[in-house]
Amino acid sequence: MLQKTGLLALLLMVLEWTRPGLPSPLRPICDLRVLNHFIKEARDAEDAMKSCREGCSLSESVTVPQTTVDFEIWENKNGSEQAQEVQSGLYLLQQALSLLRSSVTNTALHSHIDNSLRNLLSINAVLRSLNIQEYTPPASAAELEGTWRLSTATDLLQVHVNFLRGKVHLLLSDAQACQQDVS
């Protein structure tokens with residue numbers, strides 16, 4: 001009996017040492033090299049699409065975010081408005097790339113599109129790490145401002161690259177959680 005309680009005590013001690021700690025909040029991901037990697041992979045997908053000859057078209061037109069940035073207007077928006085604009089754009093791109101994935105029959109492009117979709121999810125995780133409020137998409141993409149429709153896969157992937165290089169980069173480079181305390 002003494003041996004059993006000794007083993008039980010030892011087991012409990014080992015379990016206590018290996019017990020996962022309390023979940024810690026995400027640390028901000030402020031290194032723009034992460035975003036630059038996603039931009040490079042988006043360019044790779046765009047290049048692969050440009051060289052595709054068959055089975056690489058969208059089945060219907062899609063709504064995408066505007067990629068042009070009027071810096072005066074952007075600077076006058078607060079961080080929350082900027083984040084909302086980026087998150088709605090990421091949502092639209094995710095919807096459009098998902099449709100592209102189901103439309104494309106060229107299997108060589110599937111890995112590029114899948115990678116682009118995973119990268120969009122990763123960017124959303126980066127935004128969460130910066131304490132940017134979770135985005136709730138509207139019932140319809142028609143409710144979103146600053147959008148346009150396109151019908152070619154090449155245009156979609158070009159918008160994807162430009163959106164990452166533009167508004168996403170601006171938001172991440174100016175994120176409050178990444179600003180160094182200068183005292």
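Each position is counted from 1, following the chain as shown.
Backbone N, Cα and C atoms are what each Cβ position is placed from, and that goes for glycine too.
Sequence annotations record features per position, and here TrEMBL assigns signal peptide to 1-23.
Around Cys178 (disulfide bond), a 10 Å sphere centred on its CB holds 15 further CB atoms from the protein chains shown. Per TrEMBL, the feature disulfide bond maps to Cys30-Cys178 (among others).
Annotation for Cys52 (disulfide bond): same-chain Cβ neighbours under 8 Å, separated by at least 6 residues, are Asn106, Ala108, Leu109, Ala153. According to TrEMBL, the disulfide bond annotation covers Cys52-Cys56 (among others).
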Expressed to the nearest Å, what is the distance separating Cys178 (disulfide bond) and Cys56 (disulfide bond) at their Cα atoms?
39
Between the disulfide-bonded residues Cys30, Cys56, the one whose Cβ has the fewest other Cβ atoms within 10 Å is Cys30
